[in-house]
Structures are given as C-alpha cells and as structure tokens.
Amino acid sequence: MQFDIRRFDIYRKVPKDLTHATTTGAAISLICITFISTLLLIELYYFITPDVVSELFVDAPDFGTSNRIPVHVDITVSEIPCQYLGIDIQDDLGRHEVGFHDNTLKTPDNNDKGCRINATFTVTRVPGNFHVSTHSAASQPTIGDMKHVIHDLRFGDSIKGFRQIPNRKAFRPLRGFNNTNHPIHVSHDYLMKIVPTIYENLSGVRRYPFQYTFVYREFNPHQGVVGAIWFRYDIMPITVKYTERRQKFYTFITSICAVVGGSFTVASILDSIVFTASELFKKFEIGKMT
C-alpha cells in the first residue's frame, strides 16, 4: 500500500465549481477584512510602543556614584534690580554659600526695575534650602518687594525627550507659577518633598530626574529686613523607577493569530446564519406561491 501524505491534510479543498458566491457573503467578507486590518494596525501600534512599568524602592538603590543633585532654577523678581539679588545655598551638612554666582545669569527685566535669574547648581542629598535674597548685596533696596514668577524649577536630569514618562507635571510642578499678587515686604516660602526617580529606556540608558511636591506659605520677616524667596527641600527615602518594556514578539504573534482566526470564525458563522435564513425564506415564499 502506497503511503499518501495528503491523508493528513485537515484543510481539505472544495472545488470552486461547487461553491456559491452571494452578495451578502461578499459584504460580510469586506467588513471582516476591514475589521481585521484595523485590529492588526492597533496590535502593531501597541507592539511598537513600549509600556512603562513603575517600581518602588526604599532609598536609592542605583544613583550612580554621585550624592549631589543638579538643580536648575529660572525665576523673575519683578520689583528688585539685579544688583541686589543673589542665590544663597544652605544644607544640614553645614554648607552656607551666600551670593552663589557660578553658572548664574542675571538679566534685567521690567525696564530694569526687576531681574530674571537663571542658575544651575548642585545640592547634597540631605535636607536644606536655597533662596533668592538680597543678603549678598553691598546695600539694600528701598522697596523689598519679592513678587515673582517661577519660569522653571527642576531637580536632576531633564525629562525632555521622554515620550512615555507618566505624570510629567510632577517633575516640574512649579513651572509657570505666578506669585505677583501678594503683599509687599513678605517672604515667600516653598516647602518641597523631593522623590528620587530612575527612568530606564528600552536600550538600558538611565536618566535620573526628580519628582517633587510643594506647599506654599508666606510670612513677614523681621522689621527692616528685606524678604526672600525660600525653597526648602527634603529628600524622601523612596525611589521610583520607571522602566520601558516592549511586548514580547511571541505575544504579538499570538494576538495576531487570535485576531485573524477569531474574526474569520465569527464572520463564517454570521455568513452561514444569514445564508441559511435566506434559503429558508426562499423556500417559504415558494411554498406560499404553490
């Protein structure tokens, strides 16, 4: 007996002349193909676009070798000229730097009545503060109005170019903060809680931005003392890690097979129901005529 491998064919072919094409079947086929194409494009989009998985760690398990945090501040004080203003930095390790000037750009604003300060510096990973004040000036202004606009304040690496990062506002909640509607001669106090963050992309490249929250308050300084703009910070012992992950290829293939197979099966069942109902209706009509 000759062996015939065609016995194992579970996809037996029906001769074309034994099949019957219908208008309803063609419509269902077109709808099915459109539906499958749409689902395939959606599955392809989700396969190409990585997901972001978040994790929490106690302390900072991986922050490189640096224990210092980059800070970038861009602020405009609208009523005090640049000659009086400076940035002072303090922390719990004893740092007390008055009139920080490295990487600091002062630009006159409001017809030279105000000043925009753009500065970049580092702070140690311990509680501390930095503040905009007139403490480093040789003389004090006659009007100590510290009304201001915070154009930007961020800690750590920039998140520019991070397309998938969640809750982007948490990294720069003070951006665009307008504080020009408060009384003259008050000090402005921002109390901030900073959360260390790690962001790792698909290539394994890591960035270290920081999220933070803040609470604002104002208070009256001692009589005769010009107010200041205080940014007091504390480092949280929790680190958040965001990791980009792409769907596994075999999962993508499984989804494609499920979409194609399921759609064709449902369309075939629907076509059979419609065709059977149509045939029964025709027989019923013929029966009525006879």
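Glycine is treated like the rest: Cβ placed from N, Cα and C.
Features as listed in TrEMBL:
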DOMAIN    5-97  domain 'Endoplasmic reticulum vesicle transporter N-terminal'
DOMAIN    108-271  domain 'Endoplasmic reticulum vesicle transporter C-terminal'
TRANSMEM  21-48  transmembrane segment
TRANSMEM  249-274  transmembrane segment
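Through the fold, the transmembrane segment (21-48) approaches residues 246-247, 252, 255-256, 259-260, 263-264, 267, 270-271, 274-275, 278 of its own chain, all at least 6 residues removed from its boundaries and within a Cβ separation under 8 Å. Taking Cβ pairs closer than 8 Å, the transmembrane segment (249-274) reaches residues 24-25, 28-29, 31-32, 35-36, 39-40, 43, 47 in its own chain, all 6 or more past its ends.
Averaged across the domain 'Endoplasmic reticulum vesicle transporter C-terminal' (108-271), pLDDT for the predicted model comes to 89.
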